Amino acid sequence: MSPSDLHLPVPGHPIAAIATPVGVGALAIVRISGAGVLDLADRVFRKVHGSGKLAEAAGYTAHFGRLYDGEEMVDEVIALVFRAPRSFTAEQMVEFTCHGGPVVVGRVLRLMLDNGCRLAEPGEFTRRAFLNGRIDLLQAEAIGEMIHARTESAYRTAVSQMKGDLSVRLGGLREQLIRSCALIELELDFSEEDVEFQSRDELTMQIETLRSEVNRLIDSYQHGRIVSEGVSTVIAGKPNAGKSTLLNTLLGQERAIVSHMPGTTRDYIEECFIHDKTMFRLTDTAGLREAGEEIEHEGIRRSRMKMAEADLILYLLDLGTERLDDELTEIRELKAAHPAAKFLTVANKLDRAANADALIRAIADGTGTEVIGISALNGDGIDTLKQHMGDLVKNLDKLHEASVLVTSLRHYEALRNASDALQNALELIAHESETELIAFELRAALDYVGQITGKVVNEEVLNTIFDKFCIGK
């Protein structure tokens, strides 16, 4: 299904929303968009100097005036006029910059609703921009990514996608696929004449080139995911090793419950912190031990599941443990079970161990891992730990200026499906299969690529994407 086949609940119906964060501020913005919003605005807006209507004003112009509810003045505002199709939504738009108190902002919004607008749904302004052809779906998602970016790398990647860098790459792929599909379709049209418009060797070379390009984008997802979501970092270890204390210390706040009772953390807790421009997504997991209760058993199962997905595992052990050999065995087994993850052993409660240096050397020798000594309680060694964490993942979060990255799981899965379809087409050609089967796989690859930019889309996907936006975006 193409975007033109989809429809808004009421196409072009005027919508209104607050476009700035809720709270007290110097200024706030209330925006309206849709058919007839300039006339709607003229019913409540009066210029302070001069005359003339907003409906008669040129686009990209600002007008100082007052908003009135009947004869009662609501606020002094600046009205910015945008004319279709040169607006964010490609519709008529007005943005009122008013004073930023919550009461006055609420009054301005209510004024718009009382005069014919309805409250916008989450992401509806951006959704209209997409459906009206102002931006593609990938660019729409990039707007949300830029708003929520927490690091410079995430911001730069979102800006790159918003500019259309990835869209251009995908557009080139799609054009090549369309050409290949067109030649195959011609053969089907002239099947009775046994005409071959392109040799199978040439078609094979084209598909191999296309698949290589698709696979390069797939390979960028590991990097792109880290840039967008942060380095997935799991804090693992035995119960009461100090995992929750370490989480709180790294975050600089109390997020996890700290208790001397083993097994306090039954499920995992996730929080993020940024060190040296790299975002780490920390997961405090349930302690690894023989579970006594069903709920604890489930927590440990989830802990191991999170470790399987981790980019970095911090194994925390208590230097005062009486079962050091068991800990060393656990570390060796975990490291062997997760070869793709970076691994760091963290020796906790440094302040309580009389022979800490000797113990740390023994742990390093017994596990073959790098060991950092800390006291999660008083903060000793935490800066060193952060530095080592950054060093371990610096290559994962190194963004080159010219990079085009895939950051979304949705895009990644669509590309994987496209790559599989192209591989199927290559195998069909190699086995001299029917042209209809080859054409089917090429069309499938074309649809998968189109799903990313919105050339092929369905309502459920759009709802999933735009429901993540705030009301005013």
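Keep in mind that glycine also has a Cβ here, set from the backbone N, Cα and C atoms.
Note that the coordinates shown come from a computational prediction; the quantities given were computed from them, not determined experimentally.
Residues or ranges marked as (6S)-5-formyl-5,6,7,8-tetrahydrofolate binding site by Swiss-Prot on the basis of sequence analysis: Arg31, Glu95, Arg134, Lys473. The Cβ neighbour count for Lys473 ((6S)-5-formyl-5,6,7,8-tetrahydrofolate binding site), using a 10 Å radius over every protein chain in view, is 22. In the three-state DSSP classification, Lys473 ((6S)-5-formyl-5,6,7,8-tetrahydrofolate binding site) falls within coil.
The GTP binding site annotation in Swiss-Prot covers 240-245, 259-265, 284-287. According to DSSP, Ser244 (Mg(2+) binding site) sits within a helical segment.
Taken from Swiss-Prot, the feature Mg(2+) binding site covers Ser244, Thr265, and the record attributes it to sequence analysis.
Here the domain 'TrmE-type G' (230-394) has a mean pLDDT of 82 out of 100. The domain 'TrmE-type G' feature in Swiss-Prot is assigned to 230-394.
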- Pop the Cα-Cα gap between Glu95 ((6S)-5-formyl-5,6,7,8-tetrahydrofolate binding site) and Asn240 (GTP binding site) into the table, whole Å please. 55
- Query: What whole-number distance in angstrom separates the two most remote CA atoms of the (6S)-5-formyl-5,6,7,8-tetrahydrofolate-binding residues Arg31, Glu95, Arg134, Lys473?
  - Reply: 18
- Message: Cβ atoms within 10 Å, counted per site: which of Arg134, Lys243 has the most, among these binding-site residues?
- Response: Lys243
- Item | Greatest C-beta neighbour count within 10 angstroms, which of the binding-site residues Asn240, Ser244 | Ser244
- Message: Residues other than Arg31, Glu95, Arg134, Lys473 within 8 Å, Cβ to Cβ centroid, of the (6S)-5-formyl-5,6,7,8-tetrahydrofolate site?
- Response: Ala19, Ser33, Ser87, Phe88, Thr89, Met93, Phe125, Thr126, Ala129, Gly472
